[in-house]
Amino acid sequence: MSATTSPADSSTATGGPTTTTTPTISTSTAAATVTNAIVKTVEAIISSTAPAASQSASPSPSGFSTPTQSPTSSSTPTTTASMGGPEEKLSVQDLSQTLQHFGVVDYLVFIAMLAVCAVIGVYFGFIEKKQKAKKKGQLAGKDGAGAAGVEERRGSEALDYLVGGRQMKVFPVALSLVASFVSGISLLGTSTEIYVYGTQYAFILVTLAISGAISWYIFLPVFCNLQLTSTYEYFQLRYGAGIRNLGAVLFIVDTTIWLPLCMYIPAITYSQVTGTGIYVITPIVCIICTFYTCVGGLKAVIWTDVIQSFVMFGSILAVCIKGTYDVGGLPVVLQRNEDSGRLNVPEWTWDPTVRLSMLSVIVGGTLHKMQSSDVNQVSIQRFLSLPSYEHAKRCMLVFTLLLIFLLSCCCYMGLVSYAVYHDCDPISTKLAKASDQLPSLLMMRTLGSWPGLPGLFVAGVFSAALSSLSTGLNSLACVVTQDIVRPLLRKPLTERQTAFWLRAIVVGFGFSCIGMVNIVEKLGNVIPLVTTTSAVTMGPLLGIYCMGVGLPWVKGKSVMVGSLVSFLALGWICVKAQLGKMNGEIRYPKMPVSVEGCDYSFDNATVFQAIHDYSPSERNLYHLSFFWYTAFGGVICTVFSLLASLFFGWEDLSQMDPALITPCMRRFLPNKNCQAVNMQDLFKR
């Protein structure tokens, strides 16, 4: 039996008494008087028994209470003794509308976050620039052209715009890295992952520490010593121009496709909470983000990331704390998740097709996080904004700890989500039209009655999106100018030309993001496309980075062969896997859910299909765990590069610059008569 309410029945779903009138009765006035008297009598009786009834009422997702019903009647529009007549339960559509109570205070909180970001851009784009020009004039007047020349070199347009003049502080840069890599997708998707599949994914917290330690020891010494603006400049120094162009193109394509999705997911959350379409909020947010990124450069990006990081932490903590309090405390949260089997660990198996095994999480997750969070253009560009290598090491430590803490909060929010919805799964009933909307429902249930807190949560989700967008725009400007534009020009760019190109690229990609968000909204299943693109690009890049610093014998031609083979092989597997998921051919085991406690009406057929008709599919090669994508691509790139070296030959180590190799591998290079220089002294020079 379907429990949905038809349009004809919607008029009786408000809870009032249903009366039948016929035009042939002449004594309608008297009948109305008698009916009103009966209704008032019933109301008086009900009001006298309301305290007793309220004891058995249970809170609904929208904040109101209805009498507790048996599990067998939870999905049928049964009636209650209210107003002397039948009362239908709210439908999914009606309940979804009641959750949209975004008040004036919430809008003010959200607008305040955007306003602060714009003000920061104005400060670093105009006010600080005037202060630096004034300081430069004072130095020229006191010490002549020498001091002014040093200050000018330190504050050159490209250096100041892309790496903040290499004078940034550790804690702001660490917060900026956290905000950059925890996008709105991660903020919403991590808790949903825990809700659907359990705590297996939470073991990536271990891989964050391992990948951070590897990056600290292997990669940071090389890039901090070279002091390059673009990491793909390193590819040219180590391999040649071909690998540099390949890396730059892969980064540009991946980032261009990724940025619209970063804005689309938070826009859906905003639309769900406020009822406003994404066509209204997306252009406003993109324009503001493009503005402060364009005028303020990396300094504005980092300091807005600091503000946005605090908003993210505050919003997640508010939902976790209030949600835990509402269900009865931490023991209740843990007990309900334990009873459902969600406090699980990755499987101990060598099978790579298992969705999350201990091997895939620890090994594959470490390599994936190393490439996605530590060794790429975005992160290296921020590490190079610090004054020295020691500052970069401290920043890596703080960044890793903050990232572990934030993702731990996201994982715990998934546990709170199940504790709240343990007897009424909103994904199965379609109260959440998409699984990533679950955190928004949890927020409106736990914080909806507190003015300003829904606005804080939405601001937190958009803060994650803004930080990813601004970081991507700034890095795109760096890569395009340094790796695409400058090599094509015969003469070097002047300061004015550099300023123009940097800002024009930011504006161009920023406004293209607005249009691409609309395309994303029309395409529908675009997340698999972005996931596939990211995996296909990160695998070869991981191999290129690792061989560059760790295998000095491999030539650029061999690396090109290995990269292309890795790109094609990984692309084939990822595309086939995503098509299988879209067609329902690839289905992973999920944790059990229940709808026995739902106090709103839903479609029984949809729920039955979602819960009882779902079964895992048989595993094959295309079931490869998503954690293996980057690792698999890196291994393929390395293996085929070594095989190609048998044909192209090996690198002449006598011509290899030791600065391009990680310190632990320099022992394999021929000894040269070189003077050892302390890293701090090198930075001073």
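Using N, Cα and C of the backbone, Cβ positions are placed for all residues, glycine too.
What TrEMBL says about this one:
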- 1-27: region 'Disordered' (REGION)
- 51-87: region 'Disordered' (REGION)
- 51-82: compositional bias 'Low complexity' (COMPBIAS)
- 107-126: transmembrane segment (TRANSMEM)
- 170-189: transmembrane segment (TRANSMEM)
- 201-224: transmembrane segment (TRANSMEM)
- 245-266: transmembrane segment (TRANSMEM)
- 278-302: transmembrane segment (TRANSMEM)
- 396-421: transmembrane segment (TRANSMEM)
- 453-479: transmembrane segment (TRANSMEM)
- 500-520: transmembrane segment (TRANSMEM)
- 526-547: transmembrane segment (TRANSMEM)
- 559-579: transmembrane segment (TRANSMEM)
- 626-650: transmembrane segment (TRANSMEM)
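In this chain, the transmembrane segment (245-266) lies close to the transmembrane segment (278-302): three or more C-beta pairs between them fall below 8 angstroms, excluding pairs fewer than 6 positions apart. Same-chain neighbours of the transmembrane segment (170-189): 261-263, 265-266, 269, 301-303, 305-306, 308-309, 312, 316, 372-373, 378-379, 382-383, 385-386, 391, 394-395, 398-399, 402-403, 406-407, 410, 436-440, 460-465, 467-468, 471, counting only residues six or more beyond its ends whose CB sits under 8 Å from a CB of the stretch.
If one looks beyond the transmembrane segment (453-479) by at least 6 residues along the same chain, the residues whose Cβ comes under 8 Å of a Cβ in the stretch are 101-103, 105-110, 113, 117, 161-162, 176, 179-184, 186-188, 229-230, 232, 248, 251-252, 255-256, 258-259, 262-263, 265-266, 269-270, 273-274, 285-286, 289-290, 292-293, 297-298, 300-301, 304-305, 307-309, 311-312, 314-316, 318-319, 322, 377-378, 381, 440, 443-444, 447, 501-503, 505-506, 509-510, 513. Take the transmembrane segment (500-520) and the stretches 278-302, 559-579, 626-650: counting Cβ pairs under 8 Å, 278-302 has the most.
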